[in-house]
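Pasting a structure here, questions to come.
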Amino acid sequence: MESDAEELDYNQLVAEQNRKKKKSGGFQSMGLSQPMFRGILAKGYKIPTPIQRKCIPVVMAGHDVVAMARTGSGKTAAFLIPMFERLKSRSAKAGARALILSPTRELALQTHNFLKELGKYVGLKGALILGGDKMEDQFAALHENPDIVIATPGRFLHVIMEMNMKLTSVEYVVFDEADRLFEMGFSEQLHEILHRLPENRQTLLFSATLPKLMADFAKAGLNDPTLIRLDVDSKLSDNLKLAFINCGPEDKIAVLLNLLRSVIAPDELTVVFAATKHHVEYLHMILDRANISSTYLYSSLDHAARKINVTKFQLTSVRVLIVTDLAARGIDIPLLDNVINFNFPSKSKLFVHRVGRVARAGRSGVAYSLVAHEETPYMFDLHLFLGRNIKFVESGSKINDWSGYFGSVPRNVIDEVDEDLRHWHSANVDLCVAMLIQNTCNLARTHLQNRLEGIRIPNLLKFDFFLGYSGNTDTSRAELLQQMRSYRPHSTIFEINATVKKQASSVMRKFRDRNSQTIANHHKKVDEIKERNSNLVSQEPITPVESEIENMGFNYIIQPSKRTNDKPFESKRKKRKVPSPPSAANSEFFVPYKPADHFVEKGLEVDKSTFNTEASNAVLDFTGDELVTLNRNIKQQKWDRKKKKFVNASGKDSNAKKIRTESGAWIPASYKSELYQKWQKKSKVQEREQDDDSEDEKQPKQQRDFGKMKFKKNKSSEKFGKPGKSGKFGPRRELKSKEEIMKQRQRKTRIQSHQRKRHDEKSRRKSHKK
């Protein structure tokens, strides 16, 4: 204990000496060691990001941290730099000292590569434990005593269950993308891993979106944590431009091609997000036909093909990458210039993750979102989540800065591409089949009809960047085509070119007169809905209240410092206060029916609702009133068509084999399949370790008795195997070593040469005698 305290005091003294004395906002003022600071400079970092500036000193002080910041803010370096400072260098102690858990293998690979680059002067060794790789290689990697383990929860739990490995040596635990870990169903694995970790560990949770539900869960495994919740209000970068483009589902391909051909520069990198892998394949075929080089990525793609396609985009061999959300999570994509949402995301935090890949490290970027009429509720939810007003590009207005506006596309831009699309589909059968498949997978129309009733979009003006790049800018022609497209006749077919004598015309006139009041009420209702929507759009943006964040239960909360003057160049004249109109919210006794950050937390919440849980909660099940009827439900079984066997009525397999873990939880028996024991026998790891130990023990004696053993030959030990338990030697060795084979060949060569020499001498003697 005294040595540990002395070492701690020494480390603190070194950190104080390394810390820059004068006030500074760089890495020099953090008291980092020389190898770590050298690695930071080699990586090209000069100034820490806000999350790094707030987080690194707190973590280096030994506190548990729950950190939230937007994508691209430098969260990975924020937990790697304190980890290197804590572990310092390689240790002879067996077992890993740091554990980093990631939701996907791509994110884990990205973290591992970043770890090697940032810590190349520190000398720590890392190991990757990922699903899809050979478990034998992972057993061997853990036997090499790594300092840091980067893993996915499912495979890591499988490995430690197979090896019956203790995690008592772990000092530093990181949950990267914590919300995604629980959304993907890793809660059981995480609970079991947490139970195996020591209590004196330091635990960190990092994520771009961290809701209150997640923070409540974190408090169970953390010790007096500090909440660092930065950039909650500004979830998107200030250098990011947003463009919401209104178009029909059938026109999205034409708008996408026009964006890639005309609006986006050829040397810019672009990522296109699609809903399913069928959309990805269809878009890839379309772009190939349009002579636009692209590559694609989805979750079920082969690992080798996925790696090849990502490498193509990273090396800028292609400029367009088409991906799904599941495949793009955690991929190391270079600095992007543009993001195109071909299918608008259904969750607001998913939109933040998508567009957070651009406008990083002080660069500017653009996010184009193609919004069909069925997807407009998602756009409204997004603006409520961001706390922003919806700005419409309405007719009669000229907008120079189109960032954040919702506009439409000129019709002539779509018509120019539609002809090419029709020609490509008629000439290629595979393209038609792909189009039919992606149309059947378009699920946006099926579950949004109930939300579209009160949403009416005004007459939108065209975006300036489309008007600048399109060949024909005849606005009168475009307006005429739009009027023809949206024309709805007020009279029915029976009233067109009808005379009084026709019976159908007279019937329709009587029907219209009888229902005139109903029609008027309908138009009045539509006008009221339009007025209500306009009032909804013009309301003040919603921002979280500090008291709501304080109610999360953290003792220490670090938030971004507020500026004293947001507009320093404006004059400080006192403005005359204008009395606000009376409203219900300004009343003294007004009680709001929802918290101020309701929409923010709703967008951040972890999606844990499934059909089975909701259906089971809705079932009315009567319990029995005696022991026989109470046990009847437990034994009741039903036939599962997918599993082709009887299971419990609750849907769980009664015959599924389970094993109990150290924490008392039941997990599938497949986690314990004796793969580790088979690998040990095959690789003879224990024998090699015993031989190494015995050689280490005998080393001083061999050095001492070297003179005696120099000329001593133990032929029995060479010819026979090692002695067994009884002391007798084993069977004779029949396999010869390379030296023995070479020695035997040389001896045979000498004998043959000697015999040849004797034969020549005998033949010479005979010739002399004759």
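Positions of Cβ are set from backbone N, Cα and C atoms, glycine also.
Per TrEMBL, the feature compositional bias 'Basic and acidic residues' maps to 697-708, 731-743. TrEMBL lists 744-757 with the feature compositional bias 'Basic residues'. The annotation domain 'DEAD-box RNA helicase Q' is assigned in TrEMBL to 25-53. What TrEMBL records for 56-228 is domain 'Helicase ATP-binding'. Among the features that TrEMBL reports, domain 'Helicase C-terminal' is placed at 255-403. Per TrEMBL, region 'Disordered' is recorded for 560-587, 677-770.
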Write out how many residues of the compositional bias 'Basic residues' (744-757) are helix, how many strand and how many coil, based on DSSP.
14 helix, 0 strand, 0 coil
Do you know the mean pLDDT across the domain 'Helicase C-terminal' (255-403)?
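Mean model confidence (pLDDT) across the domain 'Helicase C-terminal' (255-403) is 84.
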Pull the DSSP breakdown for the domain 'DEAD-box RNA helicase Q' (25-53) and write it out as helix, strand, coil residue counts.
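Here the numbers are 18 helix, 0 strand, 11 coil.
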